[in-house]
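Here is the structure we will look at, set down as structure tokens.
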Amino acid sequence: MTIQTQQEKEVGEPSVVDSQQTELSLEPNGEHEPWKPDTRVKKALCAQAFCVFIISLDMTILTATLPTVAHALGANATESFWIAASYLLANAVCQPTMAALAEAFGRQAMFLGSVGVFTVGSIACATAPSVVTMLAGRTIQGIGGGGIISVNLIILSDFVPLRQRSKYQGLIQLVFALGTNIAPIIGGAVVDSSWRWIFYINLPFCAVGLVIVPLFLRYEEEVTPMREKLRSFDWIGSASMVVSSTLFLVGMSWGGNRHSWRSSAVLVPIIAGLEGMLLTFFFERHVAKNPFLRLSIFQHWSGIVVTLCTVIQGYLLFAMTYYLVIYLMACQLYSPILAGTGLLPFAMTVVPVSGVTGSLITRIGRYRWSIWSGWSLSVMGLGLLVLLGPGTHPAAWVFVFMCAGAGQGLLLIGHSVAIQASCKTKDAAYAVSMYSFARSFGLCLGVILGGTIFQNFLRVRLGNDGLPRIIATTFEAYIPILQALSSESSLKMQLREAYAWALKMLFATSTGVGFFGLLLSLTIGDYTLDTAFIPEHSLRK
């Protein structure tokens, strides 16, 4: 397999180069020197990592506490679903737009603004008197969180050379993975006092973020009149993408759950969403003067494949994170805090593996090994999850959780590096924002399709066992009732077996999806990470 230089990627002609050369940056005197982060970059990285930690907590903090929150607000099954899904939906659909706004209005302004929006959403959720207010707050949180994630990756591409980027992204991903995976534990711990603390706990972190971002992330930016910025921004393409992706995800969420897959209520938004996204791509390629999407990142097959693999990986990551907690609570009968603690083998494997992977990619200058080994471990872990049941020994499920976590840790970094390596240097910021969008889009599918698959199989098993099928519609809220049943009750064991069987079917389906991702990943190209790095942006002293 040939490795393509960055200069040759401009014209698409591959050639063999030495991938072991040292990462270089171009100095003002024309000399090439090894890149090292200065104090300004280190401060910026600290601000980025801190803000990423804030929003990572909110992505999964409701995993073990949603039944309590839903009960307190009097939410029905559909409303309970959207309390969790509205955050992820808003987070995903706004990311391409937030990335484009950062390009037009400045990185610091959009990063700080995103932290502010997330803070407002957290306050709305913490004080929510009703489900409607909670849904509005979660949506606002999602918009802020999406901005933080996408702009964070762009900032990293501004100052860190490609080969070194994986190491520092690995460190930030480590922080993200840590927050995502300890959030269920924190949620389980504070929910006994008051569920509102799940959101109040964000506010001190947000306050610190609002202070350190303007202090540590100070860009040297050209002064452009606001009127010119507003006039040049691609408002039509951006709005079209947000509306289209929202329609598609909402339609998917209703299929097999609220409505039949064949009903117009499901088919119309799905088809309209897909057609809208295709029209958006056409508009961006042929009409928009300043397109907010750079379709040139898909000029190579690798860019397309990595994006698809990232969507699949996002789906599997959420399906595992969320439904492993369901397994621990419904089958092992763990309390919310113990279920969050039980997820630690998965979390504490994702975190270090992600960090080590980034450092190894930087050291050896190759990335495909992490993608292939990550998919292999993920598929193996998913296959082993199928074997879990109510009587599985803790040592067994801990081992299985660790296998699945190791695979996800490898993929988190590998995909990001691959999509940047396959595109032109000038498109790196757009490539990482597309990677972030693809992963968040996959997380949404994990919520939507994972829930649909699990509910449908649970409904079948309950019907076969002569139990009320309505339990499948409120499977989260029913877990406390299941746990409260007498240990001598045969109904309790029947329900545990039903939950376990539905989870087996979900993980079996996910194993097939993961295997498809593995096959796709085998076609990812091998591009050099060694490129002369000439930053287009700088930080003020």
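Positions of Cβ are set from backbone N, Cα and C atoms, glycine also.
Caution: TrEMBL annotation is automatic and unverified by curators.
Features of the protein shown, as given by TrEMBL:
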type	residues	note
REGION	1-36	region 'Disordered'
DOMAIN	44-529	domain 'Major facilitator superfamily (MFS) profile'
TRANSMEM	45-69	transmembrane segment
TRANSMEM	81-102	transmembrane segment
TRANSMEM	138-159	transmembrane segment
TRANSMEM	171-191	transmembrane segment
TRANSMEM	197-217	transmembrane segment
TRANSMEM	233-254	transmembrane segment
TRANSMEM	304-325	transmembrane segment
TRANSMEM	337-357	transmembrane segment
TRANSMEM	369-389	transmembrane segment
TRANSMEM	395-418	transmembrane segment
TRANSMEM	430-454	transmembrane segment
TRANSMEM	498-520	transmembrane segment
Could you tell me whether the transmembrane segment (304-325) and the transmembrane segment (138-159) are in contact, taking contact to mean 3+ Cβ pairs under 8 Å with a sequence separation of 6 or more?
no
Six or more residues out from either end of the transmembrane segment (45-69), which same-chain residues have a Cβ under 8 Å from its Cβ atoms?
37, 75, 80, 83-84, 87-88, 91, 111, 115, 118, 122, 134, 141, 144-145, 148-149, 152, 155-156, 168, 171-172, 175-184, 186-188, 191, 195, 198, 201-202, 205-206, 208-209, 212-213, 215-217, 321-322, 325, 329, 336-337, 339-340, 443, 476-477, 479-480
Long-range environment of the transmembrane segment (233-254) - Cβ separation under 8 angstroms, sequence gap at least 6:
81, 85, 89, 92-94, 96-97, 100-101, 104, 265-277, 279-280, 283-284, 288-293, 441, 444-445, 447-449
Could you give the residue numbers and ranges of same-chain residues that sit at least 6 residues beyond the transmembrane segment (430-454) on either side and whose C-beta is under 8 angstroms from one of its C-beta atoms?
59, 81, 84-85, 88-89, 91-92, 95-96, 99-100, 146, 149-150, 153-154, 156-157, 245, 249, 252-253, 255-257, 293-294, 297, 303, 306-308, 310-319, 322-323, 326, 415-416, 419-420, 422-423, 475, 502-503, 505-506, 509-510
Looking only at the domain 'Major facilitator superfamily (MFS) profile' (44-529), report the model's average pLDDT.
86
